[in-house]
Ligand code: FAD
Ligand code: NAI
């Protein structure tokens with residue numbers, strides 16, 4: 001065999017798997033259909049969305065918050081094309097970084113569309129039409145996901161768009177209609193609301209980010225409403241039409257009433273689907289269900305013993321850090337090690353302002369599982385650090401087992417929640433009790449004091465500052 005391992009797809013799952021395989025001494029190749037490395041996350045996902053979130057946040061703060069800090073500016077203007085250009089530069093820097101890592105680890109990069117010829121052979125069809133066949137003892141499928149679009153949504157990439165186009169718009173929408181108030185809707189809706197677009201959400205469920213703890217969605221909605229956004233919850237979209245300069249969305253609410261909304265752009269963000277198109281999985285008999293590659297829970301091996309799958313293309317949260325953990329796991333399984341992923345402790349983060357971050361079980365999940373729990377909550381407005389910065393919206397909620405005090409879930413909405421959640425992940429990985437955190441010194445003044453205070457509240461209601 002030419003290679004010990006061939007990885008198909010260079011997203012955070014694929015490129016991390018390739019690096020770990022190389023570190024473990026495997027001769028490794030990675031196949032990527034686009035001429036750039038990094039997958040959805042780097043090119044049209046995590047990184048570009050955060051670049052635009054940061055730019056739009058600077059603009060919003062300059063307009064709305066600088067004055068209260070005693071900073072006077074002239075008229076502040078948002079230049080979307082400059083923001084999009086900067087975002088491109090950020091992505092390019094990170095593309096270069098992955099190229100460097102591939103060279104450093106001696107991973108062979110093959111640009112072209114990969115498909116199976118047999119269980120050890122991958123055909124790479126290059127952009128110029130030429131083909132190469134490479135052989136590997138083991139193959140890792142890391143082909144990621146694509147946005148879900150329903151036929152009646154009439155996706156046209158111009159006015160009816162997905163996140164991919166929303167990251168590179170040429171003009172600021174006057175009125176952006178966002179279908180789905182999940183993670184993408186909340187983040188990209190925030191970007192345009194901060195820049196001055198009118199934003200209207202149409203959501204099937206009865207709250208924003210409905211899969212997270214209910215209290216987070218409610219609090220987030222209050223903050224997004226302050227940006228001027230409007231919401232239609234429990235509303236099902238039935239048709240989206242491009243009328244030239246306008247987009248019309250037709251929907252039906254819970255009462256059975258027709259809802260019609262007209263805007264100039266419509267962002268469809270109703271979830272993503274695993275992507276295995278034209279991979280020719282049938283040729284090797286790799287089992288799938290609704291496009292998702294079926295894998296063994298512990299080893300991520302498919303039903304074909306030398307083929308593994310990781311990331312968005314398999315079950316579980318569609319998150320970059322989950323894909324990365326799985327990439328490392330498969331490499332270590334191939335090296336004969338016994339790695340393990342605790343899926344309960346993969347954190348979920350929404351990069352709005354305030355940020356939302358959670359790990360472990362929600363209250364609804366604990367109730368459904370019949371687990372007796374206690375809850376402690378602490379608001380950001382009672383924190384010295386938050387008062388100093390002016391970021392007083394939000395709270396930390398800690399859920400702990402009623403009898404053992406083990407922390408079962410931590411749910412945060414507030415400034416820097418995305419970074420704060422790591423404290424909860426580590427604590428839970430070591431099966432800490434709320435008392436353990438309550439008795440650990442937290443630097444003052446920091447936002448993380450809210451976690452300590454929520455733990456104090458969860459253990460005998462003894463929060464000091466509330
Ligand atoms: P992908 O990143 O999708 O990579 C798959 C790669 O495989 C692609 O490069 C694709 O071109 C390639 N490929 C597919 N088929 C073939 C083939 N046959 N031959 C060769 N190459 C192929 N997650 C977070 O954790 N944090 C965030 O902040 C975050 N923000 C996001 C924002 C947006 C707008 C979006 C859309 C997603 C975001 N995500 C975020 C999700 C994250 O991007 C995905 O979970 C992650 O990229 C999955 O990694 P992956 O390696 O499984 O697949
Ligand atoms: P999502 O699953 O987060 O949200 C989709 C929303 O659309 C849900 O609230 C759902 O109820 C609603 N919906 C579904 N069908 C609908 C319909 N017909 N009409 C109206 N509403 C409908 O999916 P989203 O936002 O598209 O993101 C896709 C994936 O990308 C997520 O699973 C997430 O894991 C990942 N992602 C992660 C980010 C992060 O970690 N910060 C950022 C962006 C995306």
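The backbone N, Cα and C atoms fix where each Cβ goes, glycine too.
Listed in TrEMBL for this protein:
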- 444: active site, proton acceptor (ACT_SITE)
- 50, 114, 143, 144, 145, 312, 318, 319, 320, 321: FAD binding site (BINDING)
- 180, 181, 182, 183, 184, 185, 186, 187, 203, 271: NAD(+) binding site (BINDING)
- 41-46: disulfide bond (DISULFID)
- 3-327: domain 'FAD/NAD(P)-binding' (DOMAIN)
- 346-454: domain 'Pyridine nucleotide-disulphide oxidoreductase dimerisation' (DOMAIN)
Given the recorded positions 50, 444, which one has the fewest other C-beta atoms within 10 angstroms of its C-beta?
444
When you look at 50, 114, 143, 144, 145, 312, 318, 319, 320, 321, which the record names as binding FAD, what is the longest CA to CA distance in angstrom?
30
Residue 318 (FAD binding site) to residue 184 (NAD(+) binding site): how many Å between their Cα atoms?
12
Filtering 46, 180, 184, 203, 318, 444 (recorded positions) by proximity to ligand 2: which pass a Cβ cutoff of under 6 Å to any of its atoms?
180, 184, 203, 318
Taking only the recorded positions 46, 180, 184, which one has a CA atom nearest to the CA atom of residue 320 (FAD binding site)?
46
Got a sec? Which of 182, 186, 444, the recorded positions, have CB under 6 Å of any ligand 1 atom?
none
On a simple 10 Å Cβ count over all chains shown, which one of the binding-site residues 143, 145 is most densely packed?
143
Roughly how many Å lie between the Cα atoms of residue 186 (NAD(+) binding site) and residue 41 (disulfide bond), rounded to a whole value?
17
Nearest to residue 143 (FAD binding site) by Cα, among 41, 46, 184, 203 (recorded positions)?
41
Cβ-based neighbourhood (8 Å from the centroid) of the NAD(+) site, residues 180, 181, 182, 183, 184, 185, 186, 187, 203, 271 excluded:
178, 189, 208, 209, 269, 270
Spatial neighbour of residue 41 (disulfide bond) that is closest, considering only the recorded positions 145, 184, 444 and their CA atoms:
145
Residue with minimal Cβ packing [other Cβ atoms within 10 Å] among the recorded positions 41, 46, 184, 186, 318:
318
Rounded to the nearest Å, what's the C-alpha distance separating residue 182 (NAD(+) binding site) and residue 145 (FAD binding site)? Just drop the number here, would you?
16
Quick one: give me the count of other CB atoms within 10 A of the CB of residue 203 (NAD(+) binding site).
26
Roughly how many Å lie between the Cα atoms of residue 180 (NAD(+) binding site) and residue 145 (FAD binding site), rounded to a whole value?
18
